[in-house]
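Structure, as structure tokens:
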């Protein structure tokens, strides 16, 4: 039978199982100052005395931001053409009551009719009435010229018939000849000018 050691007796016997031998770290490779991970060394933490890792040493490059490149695209368009301005000039003559009775002749014809009325009362008035068809009242229609001729023909006859009555016809014919010279300004004038300007801002009408 095996003997049982008494309680409290010192046990100086070696342990039944020896401890496992510890493995030594592998030797460091040249060019790497830090030991490799996975051999009993904790991984280094950034921000605690360790420099940040450099690009190109086992770290992928950062992704490029394609949205920034798309947002920087500049589109240049041609400016819209300015609206064209159109200017229309209209010259027209407006009839008046004096023009219907007193024809508008050239200044030379008006002076000639005045001379006839001075020396031959009423004759210059009749000549001015018939001359309206060839060289008087520019721009007037045919009916207006016929009316002017009839008025001056009958006025010329009245001037001839009243010249013996206190020289009334003679004075009347001189005043009528002076009116021929006054109406000659209407013959030389271009009439009323109307300027119509159209553009992007609307239509502008100017009457001169």
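Note that the numbers count up from 1, one per residue, in the order the chain is shown.
Cβ coordinates come from backbone N, Cα and C, glycine included.
Which of 107-127, 128-148 counts as transmembrane segment depends on Swiss-Prot, and there it is 107-127. Range with Swiss-Prot annotation transmembrane segment, chosen from 79-99, 163-183, is 163-183.
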